[in-house]
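What follows is a single structure, written as structure tokens, with notes after it.
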Amino acid sequence: MEDKHANFHRASRRCLTVEPILIFIDCVQGALVTLRSQYIEHRLADEYNYTLPTSQNSCASQDPTDKYIEDQTSTWVTWMKDMSVFPPIVVALVLGAASDFVGRRPMFIINATGHFLGSAVFLVIAIFKLPLPLLIVGEAMLGLAGDAVFTAIIAEAYVADIYVGKARTFRLVMLDGIIQLSYGIIQFAIGEILQSTGIDFILVYSITVGIALANLLYTVVPFFVLETVKRRPFPRGVIKELVMNIMSLFSSSHAGRRWRLVLLLASACLWTLVFGSAGGNITIYGLSPPFCWTPQIVGAYGAIINGLTAVVAIVAVPVFRLCMSSYWMVYIGFISGIGYMITTALAPTTLWLAFLAPVIGMFYLVPLPIVKTKISEQVDDKEQGAVFGCVAVVISLARFVSPILLNGILKLELNKEYNPQPTVTYYTGAGILILPIIINLVLHVFQPKASSYVNLDYSDTAAFAHEDEVDTYAHPANCINTQ
């Protein structure tokens, strides 16, 4: 226990640790993502003195100006998204590994500062109607601060510092559930505020800045976020040491650690490849003929697909654990996701597409936190930041490829003059989800023998509860999940 930070015991006993940070950050991110296309679309419409269509049948509009604005909006959104996706690939890996030396709390402060400054830039642009290219500067600030992905992986490393076994699994499920729920609630709220205020972008950007400021204050005040990592001095070659720390994750092949890490990271990547942009892709599909969703249906769909999956994951995991292993929970989650994709492809009406399909896919969030738990169990305490940095890189890359893949297929099919088949997009997604099921099957079949390994799932306590449990966990070869 001498390697633990002095605040370790206090942090372990707290009901709330990093959860408020995720709520704040994902509310900021959800609001900014919602406002991206809408703000740009309205600015372009003002420039061309064009009134955007608002009727239910506007999705069938053939107005060339409307089409041009849509294309320009799509281009701007792509540039903005790239600026917030690419930097975290490097930032999360380097700072994630650095957090094993300097602590988790400084990383939260860096991330919170970037989100506050980025949000402030968007507000200033909205107030003074500054040139649209400055929006990319705001996105770059978010990206250089690690975006929401970095927030999530540092929060997950924080949880891995102070919990093991069932407690860790449940906390990671809680974190992913909070991310989904925060996104769903803020997107619905922003839509309602815009509609009720007559599209007042200054107001909603002001709300976003206020949330970002609250998050910055929460991370800066020492009382709220207690450090869990004992500061270690950097060696002379800082960058070299960080690289070696990351490479060491895959250098050991003892007890199958290397191939297990690779397969688990691949599973997280494939999950994100499909679900990273599935919600937005299906919204585009719903806005097109023959569905022609109204803004109210779009908001309701976003709330259902984010809120329902979050609540179900938080409730289902502890209930399922009573009667099945974590491997079977992963099977159920991916099968539910496949059902979601297939039901979407076969949906004949808005009722099926917007409401019944999400209900069938309500377990699709379950596999991701379980996979993250298994990844964290492969390494020791001093490698948690590095391994979650690798998770962030994999997820960031998948988040970048996901819209290119799914939206590319959908756009290709929608633009066909003869016999368009947009549902191919969702059959493709269902096919991709078969791969992580196979990966989970391999991990399940070749799991370590119970006689030689300690099963962390039978430990409900925080990491500090038993010295011998901490000692066992410090050696990953002795603590791989045996379920």
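Any Cβ shown, glycine's included, is placed from N, Cα and C.
Nobody curates TrEMBL annotations by hand; they come from automatic prediction.
Keep in mind that this is a model prediction, so the values were computed, not measured.
Quick look at what TrEMBL annotates:
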| type | residues | note |
| --- | --- | --- |
| TRANSMEM | 85-102 | transmembrane segment |
| TRANSMEM | 109-128 | transmembrane segment |
| TRANSMEM | 140-160 | transmembrane segment |
| TRANSMEM | 172-190 | transmembrane segment |
| TRANSMEM | 202-226 | transmembrane segment |
| TRANSMEM | 261-287 | transmembrane segment |
| TRANSMEM | 299-320 | transmembrane segment |
| TRANSMEM | 327-346 | transmembrane segment |
| TRANSMEM | 352-373 | transmembrane segment |
| TRANSMEM | 385-406 | transmembrane segment |
| TRANSMEM | 426-446 | transmembrane segment |
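When each of the listed stretches 140-160, 261-287, 385-406 is scored by C-beta pairs under 8 angstroms to the transmembrane segment (426-446), 261-287 comes out highest. Same-chain neighbours of the transmembrane segment (385-406): 81-82, 85-86, 88-89, 92-100, 104, 146-147, 149-150, 152-154, 156-157, 160, 229, 245-246, 248-249, 261, 265, 268-270, 272-278, 280-281, 372, 375-376, 378-379, 425, 428-429, counting only residues six or more beyond its ends whose CB sits under 8 Å from a CB of the stretch.
Panel annotation: around the transmembrane segment (85-102), residues 110, 140, 143-147, 149-150, 153-154, 157, 229, 231-234, 242, 245-246, 382-386, 388-390, 392-393, 396-397, 399-400 of the same chain, lying at least six beyond its termini, place a Cβ under 8 Å from a Cβ of the stretch. Residues of the same chain lying 6 or more positions beyond the ends of the transmembrane segment (327-346) and with a Cβ under 8 Å from any Cβ of it are 267, 271, 274-275, 278, 282, 285, 316-317, 320-321, 352-353, 356-358, 360-368, 370-371, 423, 425-427, 429-430, 433-434, 436-437, 440, 443-444, 447, 483. Take the transmembrane segment (352-373) and the stretches 109-128, 140-160, 261-287: counting Cβ pairs under 8 Å, 261-287 has the most.
The stretch from 109-128, 261-287, 299-320 that makes the most Cβ contacts under 8 Å with the transmembrane segment (140-160) is 109-128.
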